[in-house]
Amino acid sequence: MVIYYDSVEEPQTAMTSKIYTRTNLVWIPDNEEVWQSAEITKDYRTGERVLHLRLEDGTELAYSVDPTALPPLRNPDILVGENDLTALSYLHDPAVLHNLKVRFVESKLIYTYSGIILVAMNPYKQLPIYGDAIIHAYSGQNMGDMDPHIFAVAEEAYKQMARNNKNQSIIVSGESGAGKTVSARYAMRYFAMVSKSSSNAHVEDKVLASNPITEAVGNAKTTRNDNSSRFGKYTEISFDRRHQIIGANMRTYLLEKSRVVFQSENERNYHIFYQLCASALQPEFKPLKLGSAEEFNYTRMGGSTVIEGVDDRADMMETRKTFTLLGLKEDFQMDVFKLLAAILHLGNVQIMAVGDDRSLINKHLDIFCELLDLDSEPMAQWLCQRKIITSSETVIKPMTKLQALNARDALAKKIYSHLFDYIVERINQALQFTGKQHTFIGVLDIYGFETFDVNSFEQFCINYANEKLQQQFNLHVFKLEQEEYMKEDIPWTLIDFYDNQPAIDLIEAKMGILELLDEECLLPQGTDENWLQKLYNNFINKNPLFQKPRMSNTSFIIQHFADKVEYKCEGFLEKNRDTVYEVLIEILKSSKFHLCADFFKDNPAPISRFGSAIKVKPARPVVKAPNKQFRTTVGNKFRSSLYLLMETLNATTPHYVRCIKPNDEKMPFEFDSKRVAQQLRACGVLETIRISAQSYPSRWTYIEFFSRYSILMTQHELSLSDKKKVCRTVLQRLIQDPNQYQFGRTKIFFRAGQVAYLEKLRSDKLRQACIMIQKNVRGWLQRKKFLRVRQATIMIQQYFRGQQAITATALKQTWAAIVIQKYCRGYLVRKLCQLIHVAAVTIQAYTRGFLARKKYRKMLKEHKAIILQKYARAWLARRRFQNIRRFVLNIQLSYRVQRLQKKLEDQVGDTHAFIQNQIHCELNICVINIISSLFGKIKNYLEHLNEDGEIWFAYEGLKKATRVLESHFQSQKDIYEKEIEALNFKVEHLSQEINHLQKLFRKENDINDSIRLEVSRLTSENMMGSLCFLINCDCPTTLFYADLKPRGVVVNMIPGLPAHILFMCVRYADYLNDADMLKSFMNIIINGIKQVIKEHIEDFEMVSFWLSNTYYFLNSLKQYSGEEEFMKHNTPRQNKNCLKHFDLSEYRQILSDLAIHIYHQFIIVMENNIQPMIVPGMLEYESLQGISGLKPTGFRKRSSSIDDTDAYTMTSILQQLSYFYSTMCQNGLDSELLKQAVKQLFFLIGAVTLNSLFLRKDMCSCRKGMQIRCNISYLEEWLKEKNLQNSTAKETLEPLSQAAWLLQVNKITDDDAKEICECCTSLSTVQIVKILNSYTPIDDFEKRVAPSFVRKVQAMLNNREDMPQLMLDTKYLFQVTFPFTPSPYALETIQIPSSFKLGFLTRV
């Protein structure tokens, strides 16, 4: 097999001489600890065969070495304890073993990455690292961002499935007692937690419920493990397109059936038998006629029927509960228990020997036959006799006691095997789904490589499966390696590596071990010895992987990938055949107990659709049985199922978990180096590390390299802007051999040991800088000390010399000098005093004059100002009076014009009617008068005519009179028409004048708002007592909520304006005493607010806006409720506006609940916005530039790069907090609510940061503690800037502050431990110990926390009563209180802006 990468030789001689120098550490073999560390005491020179060492106990040693194979070097201390083994510069067996030991024993960390493998150490102790809070912490995180964990592997599988729509597999392997079952269970629990479906089917609970059942029927206590899985299991969890669990399917492999009838010392049978015996006294189990486990051969054989700390009866209740959860009802459960009880009773059947060839069975078989509804006589007969069919006759032959016991045990194993398969099928049926599977994640819990003192057929099959899995693992690892190198454009060449295909061919190829075994099983007289002889003949001296032991003729040796294993051939054929006499099978087929009869049908129908859908193809052609008596062998079945498993795994993206058992005594956090090294070799971790070490195991991004090793760069190199070019230049200068590194597109690839060499250069440079600083500081201190001594010496010399110079003359001269000095000084002092006195008097004079003049000018200005104010105020008063008078006159004018207009309209109408009536009346009167006068004249004329006879003249006269009458009528008509036209013109003129006056009136109102408010106040006493609004329709109310935009409302408006408007509408309904209107309107308000929140559930501004208005509306209902406790701060006018007719206390409660709901949503929106910023800003960002240093992170690189311009910083958090604060202030949120919201946010920041710190060992350093404390100070400054110091938000950061302090404080002496216990009061014992164990030095100058110090602190904290949880609950919400704050605004003064568009509301 080959892998592609650039291959070179080991480091050259020059590099070797630089590395194997004094004070460096190496590893040498040790019989007890496998490897022990030693310090080089003398520089090694090329070609020397002795290396001078000092062991850890101080022993000097001249260690003989081969110049071509020097002892492996130890990694620098800062690389020890890394999360990923591939981050180690020197990759070899002792480095891996030491790193695991430091993490497990000192740091109490059970998980470690080794490239794509998660190495899991069994702690033999319950750890607080699997709670729901831990699951939420790992959910959505990239695999390298957090500490290694089984949840990180599960999240990576889930994320790749969702992102790539490709099936995934998690392969969990390890030897018995290593924790495989628990790891697989936690992985399944993680999937169930993060992919909960929205249906009510609770599929996730059913998937998890399958674990207790399979553990009950498939797990047992062994000498290595109290809950050892005695079968392999592949659970396929199905997901739909929304990546939610819809079902599951389970496949099992190689159940250890022999455990049913035989257990070694201190071992137990399967758990279900002991659970059944512990529940024997319960009424429903009395028909099974059971007793204690000590009464049955199959349960007492190992001499250990009880497991310490395990309650079998309680476990039975849990098993039955999970049966019920999966939909398997009581009838099914009792059938299963009846079969299990029958197996126990079958084991108590005693075989009595009579003579040499005969046997007799006692009456204990009756219960077995009664439970399975069988005829006891044929069962008794055929348990003691066997039928031999020949070509000519059928012979019945009695069996010996041993043969009869073997037949009994074979029958028990067969029944249990069928029962196990049946339970698995029913579980699959309960977990099947109707929809279409989109993707799946498979969890494989399978036995690891096993080697015991006596290895049989089971170990052979297990190791065969591990050979196949190791081959698949190798291919996947090299595929990933190839993809990485191709992506980075690294040149490749071909090298060989160990391939286990020959070992697989030895087992499964044509004429291989399995095929020869099946062939021997077909022969009636086939024996284990004959089969072993065939193996010797076929493979000895022909296959290098097959050997014959020197001292045994009943065993053979196979060289597996992990180790050589010697197998005893005894029992291989029997276990491979797995046969039960056909007569016994026929008896069981005739059973009236349907479940028993169904087990032994010739072609049983599959119960689940999964079982029927599996079509297994064997890896190699298999010899077919000639008839049904020769059924498929166990080996053939196992090979076929293994082939199907490998097909499934090859079609998925695998993820590997290797479980390691740290010691055989099951002691918590005890590390047995020999056992661990053996398991690391067996599970392929060391082989993978060895192959990785031959390529470029250490990989750094250019940014990480620049940040870590900038101290090694010159000023010229640092001045260059291209960081890639800088890294190339530095490496070419520091490492002369270009084959020791490769430049990729985004990363630099290093050979093994090169990072350690760079770390040595960096450490030397820092050490030189420290020496230089120490030199200068010490020099300064010594100079300062010298100057003090020199000054003291001079002073002493001065006094000593003065003492010697004292004489009489000197004394007189001295006295004379003193007298002269006295008078001279007195004269000078008096002269100075006089001068000062004169100056003081002068200064006082000028000062007093200046102050007097200043006071006079001030009084003069004040007098003038008073005069100006008098005239200005008089002018303003007159102007105000004139404006008011003018406005009143305008109102009067408008009113009178309206009256005049109305009167005029009335007069115009009356005038029209009067004129028309008058005209008609006058015309009628005129006509009547004229006609009557004419008739009189005619009468007189006729009388005269009659007298005179002149009738013709009378007729002519009448015609003339008619013409005169017509002309008079027409003239009168014209006159009246002219009058009407004049009146119409006058009416039109008056209408125009009225319109003009109305325009003037409106213009005056728009200009003079202040006058209008004053007039409104003056006239309010004559109008309605308060301001109300009349709702013309209900529909616009809903639009009122939907159309309001917070940013358009809050500007220059009173807080809670919409709430006040809504309350005034409520008050209007109360004023009308209309209960239906009030109820309808309150429901509209509540439902409207709910609808708006639902539609804008992620809109922070909208939620904040309606939280504020709901709070103000609730307060308005309280303030104007009429209750005394809410009316204390009301003004008299506000008290007049209280509700009169209705009690709205029930609605207040509803609104209070709604406000709490909105507040919680308000908090959720803020948390969702700020949570992605917390860890990058608080932990990853360097607030104090230059004090942090990156360390190598290995294969699992962190996803967030420090050069990412879009990465969140501390400034991002502060800006987001300021945005929240300004929005809440703009929306008028009450100050108490605002403080509670800020407190909740600060708690989230502290909790998320602290939880991430617990789960990120790389962040637990002194420098990171400084960064955290700096970031906390920024938050405190923000609180001070916003005047929120009394919000108790600062106290929520106390746990984080104490954690940061704990990272910085000394952790060495007893006083340090006492100080930690006294100061870290906000942290629990678990949290303090976790931080101490996770403390990681960044440089060689820092020291790790000693395990003894951690134990000392833990002992001091034993008496403290606190919660055992490690993680803080980030979902915790402080209790919210809504304080009652009455509104200072009077309802009469509230105006509705036109921007609200509330035209449907009118003023009453």
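Along the chain as shown, the residues are counted starting at 1.
Cβ coordinates are placed from backbone N, Cα and C, and glycine is handled just like the others.
For 80-763, the entry in TrEMBL reads domain 'Myosin motor'.
Of all the Cβ atoms in the protein chains shown, 20 others lie within 10 Å of the Cβ of Gly177 (ATP binding site). Here TrEMBL flags Gly174, Glu175, Ser176, Gly177, Ala178, Gly179, Lys180, Thr181 as ATP binding site.
For 973-1000, the entry in TrEMBL reads coiled coil.
For the domain 'Dilute' (1083-1359), the mean pLDDT of the prediction comes to 84. Residues or ranges marked as domain 'Dilute' in TrEMBL: 1083-1359.
Shown in sequence order, Asn122, Asn225, Ser228, Ser229, Gly448, Cys659, Lys661 are the same-chain residues outside Gly174, Glu175, Ser176, Gly177, Ala178, Gly179, Lys180, Thr181 whose Cβ sits within 8 Å of the Cβ centre of the ATP site. In the shown protein chains, 19 other C-beta atoms lie within 10 A of the C-beta of Ser176 (ATP binding site).
When other Cβ atoms within 10 Å of the Cβ of Glu175 (ATP binding site) are tallied across all protein chains shown, the result is 23. Remark: Gly174 (ATP binding site) has Ala120, Lys180, Gly448, Arg658, Cys659, Ile660, Lys661, Gln679, Cys683 as non-local neighbours, by Cβ distance under 8 Å and separation of at least 6 in sequence.
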